[in-house]
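Reviewing the structure listed below.
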Amino acid sequence: MAKLLYIKANPKSDQSSRTFIISEHFIKVYKEFHPNDQIITLDLYKEGIHFLSQEDINDIFAPKTEASKHHPILKYAYQFLEADKYVFAAPMWNLGIPAILKAYIDYITVSGITFKYTEQGAVGLLRGKKAVHIMATGGEYKTPPFSDFEMANRYLKTILGFMGVEDFQTITAQRLDIVGEDVEKIISNALKEAEEIAKRF
């Protein structure tokens, strides 16, 4: 039985968020094809994720003990470590990821838990795990010059790669706010892509 961590980074409801419309469909299909897997939903806004304080930073860099697994910040890093698969439902906001997702990433990118330092430098500890990022965008960022502006999916792929996650896929619904676009068709195509990836994820 695999453990999937479903991370939601949008204050909108499942019905009003275009990202969540796609991600919820992904999860629905995933459940159908992986009925024995455990799915843990982590809504970052409901969790009350905040920016790290000086005290938090001190705790993160302190030696890890058995009690660290129950620390209010470090518990998220251990939860991330224990999962086998990750689904990130996070829209693009102003070319990047929502700030709350960046704050969460600061919670989980912890030396001694999700990566470690060696004589050769940093080494990720999440080898063999896989992730998918589901993202809706108002504009189009697949081709130049706008592809250079895209710093949401690229960042997420990079930081997860730093932690050892090499199997990374992306499902995007782009051009949703461009005048004249068929939004229903764009979302429909994204739902179909999500369905196919969910079956084999």
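Glycine is no exception: its Cβ is also placed from the backbone N, Cα and C atoms.
Keep in mind it's a predicted model, so treat the numbers as computed, not measured.
What Swiss-Prot says about this one:
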type	residues	note
BINDING	Met92, Trp93, Asn94, Leu95	FMN binding site
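All features noted in Swiss-Prot, drawn onto the structure.
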residue : record           : contacts (Cβ under 8 Å, 6+ apart)
Met92   : FMN binding site : Met135, Ala136, Thr137, Gly138, Tyr141, Glu150, Ala152, Asn153
Trp93   : FMN binding site : Ala99, Ala152
Asn94   : FMN binding site : none
Leu95   : FMN binding site : Phe149, Glu150, Met151, Ala152
Same-chain, non-site residues whose Cβ lies within 8 A of the Met92, Trp93, Asn94, Leu95 Cβ center for FMN are Pro91, Gly96, Ile97, Thr137, Met151, Ala152
